[in-house]
Structures are given as C-alpha cells and as structure tokens.
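Student: A single structure is presented below for examination.
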Amino acid sequence: MKIICLGTSAGLPTKERNTQTTILSLNPLYNEYWMFDCGEAAQHQILHTSIKLGRLTHIFISHLHGDHIFGLPGVLTSRSFQGGQDKKLTLYGPTGLKQFVDTVLTISCSHLNYPLEIIEIDHGDEFVINDIEITVGALKHGIPSFGYRIVMPDTAGNLIKEKLIAEGIAPGPVYKEFKLHEQVTLNGKIYNTKDFKTAGKKGKKLVFFGDTMPCENEVSLAENADVVVHECTYLDGDVELSHKYCHSHIDDVLSLVSSGSVKKLIINHVSNRYTTKDINRLLAEINTKTECEVFIADDFYEYDIE
C-alpha cells in the first residue's frame with residue numbers, strides 16, 4: 001500500500017504545486033484506489049502517474065471549499081472513458097456535495113456510464129469497506145470539514161509448514177483450515193493453529209485530515225495512528241493568525257502528533273508563500289522538535305506503508 005500526494009498547495013495552485021488531492025493505493029491487498037479530496041486538475045496530475053481512474057472506487061471529500069472539490073467534475077466524467085464503465089464509484093462528503101455534483105453534471109449535460117452513489121456524512125459516521133473501517137470526525141473550519149480515520153484489517157501470520165509436517169500433518173486442504181481458524185480438530189486431536197503460524201500483523205491506522213484549526217475531535221482521530229496526513233498552512237509565524245483563518249500552525253500539528261503517539265506525519269496544504277528553500281529549512285527545524293517522523297510533501301510524493 002502507499003499514499004500518493006497529487007496536490008499539496010493551500011488555496012491556489014502554484015507552478016510547483018497543485019491543489020489538494022491525495023491517493024491511497026490499496027495494492028496488493030485490494031486492486032483499487034481511494035481518493036481524499038479532489039482539487040482542480042486532479043485528473044491531469046493522475047496522467048503523470050500509473051494510477052488508473054477505472055480502479056478508483058471511493059472518493060472522500062473533507063469539505064466543500066473549491067481547492068478540495070473543483071477537480072471532481074473532470075474526474076467523474078473522464079472515469080467513464082478510462083476503464084470505469086459499469087464499475088460503481090462511491091463519493092463521501094459533507095451536506096451539499098450531492099447538490100454540487102448533480103448541478104454540475106446536469107448543467108454540463110454529462111452522463112456517467114457507471115453507478116455513482118453519493119453519501120453525505122456527519123460526525124461519528126462509521127463505514128466498513130472490504131473489512132476496512134472508516135470513522136468520520138468533525139473538524140473546526142470556516143465551513144463543515146471532516147477527517148477520516150482508516151483502520152486496515154489485521155493480517156494473519158503465515159503457516160510454518162515445517163512444523164505441520166513434523167507433527168505428521170501432510171500438505172493438503174487441511175492447511176487452509178489451519179490458516180483460517182484458531183483451532184482445528186484432526187483425527188480426534190485439537191490443534192491451536194497459532195502454534196503453527198508466524199505472528200500476524202495489526203492493521204495500519206491512517207488518518208486524512210481536512211482543513212482545520214485545533215479541536216478536540218482531532219485528538220481521537222489521530223490517536224496511535226501509523227500515518228497522519230495533515231494540513232499545515234502556516235509552517236511558521238503567528239499562531240493566532242492561523243487560527244483567525246481556521247487553519248493549523250505547525251505548533252498545533254506537532255502537539256497533535258505528540259499527544260497521539262503518531263508514528264509518521266505527512267504535511268500538506270502548504271501556503272504558496274513558502275519557497276522550496278524555506279521548506280527545506282523549516283523541515284530541518286521541525287524534525288528537531290518531535291520524535292515523530294515528519295515530511296512536508298510536494299506533488300507526487302509517495303510513502304510506502306509497510
């Protein structure tokens with residue numbers, strides 16, 4: 001699995017950065033992509049990658065500001081011609097998202113050749129998709145804004161075939177029973193299958209935040225996360241100014257990941273006032289202030305989730 005940042009700019013695109021779009025590639029667990037926000041020209045950014053729109057199955061919108069949704073009409077309509085025919089797409093987002101999509105498609109006389117479901121979300125909503133758990137949390141911004149906590153399913157350990165053979169259990173269909181179940185009864189004997197497996201892995205916890213200033217719900221969403229993708233429009237300067245515009249300051253974000261024991265922080269939604277030189281300097285300073293691994297994403301940054 002990997003996270004791919006297709007757009008990382010705050011508010012407006014720049015020559016180096018597009019507006020907000022993030023992809024979660026679920027390969028090899030599932031052969032599909034999820035998108036978090038869909039900024040202007042998102043489909044153009046996709047052309048620079050190996051991502052296939054036909055394998056995009058779910059889009060999660062944090063809020064309805066233009067830099068997070070103006071790419072939707074292009075992505076939705078182009079998907080019809082890029083392998084998406086007859087493949088359902090589900091769109092999640094705040095109240096008003098359905099009206100936005102319906103209006104754009106109607107006025108432009110656009111017709112999709114696949115089923116589109118639009119689910120308008122609220123705080124505390126929970127969904128399960130392919131055994132992946134999604135929790136929605138309300139944030140604090142100028143308009144309703146949400147974060148999404150994604151918990152991947154646990155993965156079972158691998159069979160230790162040598163142990164089974166040593167126990168006199170020959171390879172065959174029974175091995176599948178040992179892999180799937182906690183106990184197996186064979187020839188009148190009960191086996192605890194954990195004795196014949198390597199240790200399993202806990203599912204990764206990933207959190208994708210929309211625009212927000214500090215709020216209580218952030219803390220519960222981020223708790224013990226393996227990866228947090230968080231806006232940080234203000235990488236330095238006046239904390240109060242960032243809150244005036246309902247955005248996060250770097251001090252806010254570092255406090256969040258510290259209190260939540262977050263392992264990896266990916267910063268996006270970077271103000272266009274910061275040059276590449278500024279970002280490199282600030283990142284070096286940031287990494288002296290936290291034990292969490294921090295990276296300020298640029299467009300097409302990829303992070304492998306092991």
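Glycine too: its Cβ is placed from the backbone N, Cα and C atoms.
Swiss-Prot lists these features:
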ACT_SITE  D67  active site, proton acceptor
BINDING   H63, H65, H141, D211  Zn(2+) 1 binding site
BINDING   D67, H68, D211, H269  Zn(2+) 2 binding site
Student: Neighbour count first, Cβ atoms within 10 Å, every protein chain included; then name which of H63, H65, H68, H141 tops the list of binding-site residues.
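Tutor: Its Cβ has the most other Cβ atoms within 10 Å: H68.
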Student: Counting other Cβ atoms within 10 Å of each residue's Cβ, which of the recorded positions D67, D211 comes out lowest?
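Tutor: Across D67, D211, these recorded positions, the one with fewest Cβ atoms within 10 Å is D67.
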Student: Give me the sequence-ordered set of same-chain residues, not including D67, H68, D211, H269, with a C-beta within 8 angstroms of the centroid of the Zn(2+) 2 site's C-beta atoms.
Tutor: A10, G11, T19, Q20, D37, G39, S62, H63, H65, G210, E231
Student: What Cα-Cα separation, expressed in whole Å, is found between H141 (Zn(2+) 1 binding site) and D67 (active site, proton acceptor)?
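Tutor: Answer for this pair: 14 Å between alpha carbons.
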Student: Just to be sure I understand the packing, how many Cβ atoms besides its own are within 10 Å of the Cβ of H269 (Zn(2+) 2 binding site)?
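Tutor: Other Cβ atoms within 10 Å of H269 (Zn(2+) 2 binding site): 27.
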Student: Which whole-number value in Å describes the distance between the Cα atoms of D211 (Zn(2+) 1 binding site) and H269 (Zn(2+) 2 binding site)?
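Tutor: Per the Cα atoms, D211 (Zn(2+) 1 binding site) and H269 (Zn(2+) 2 binding site) stand 8 Å apart.
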Student: Once the DSSP letters are reduced so that anything not helix or strand counts as coil, what is D211 (Zn(2+) 1 binding site)?
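Tutor: Where D211 (Zn(2+) 1 binding site) sits, the three-state DSSP reduction gives coil.
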Student: Say you check the Cα of H269 (Zn(2+) 2 binding site) against those of the recorded positions H63, H65, D67; which is nearest?
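Tutor: Of all the candidates listed, D67 is nearest in space.
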Student: Can you see whether DSSP assigns H141 (Zn(2+) 1 binding site) to helix, strand or coil?
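Tutor: Going by the DSSP assignment, H141 (Zn(2+) 1 binding site) belongs to neither helix nor strand, so it counts as coil.
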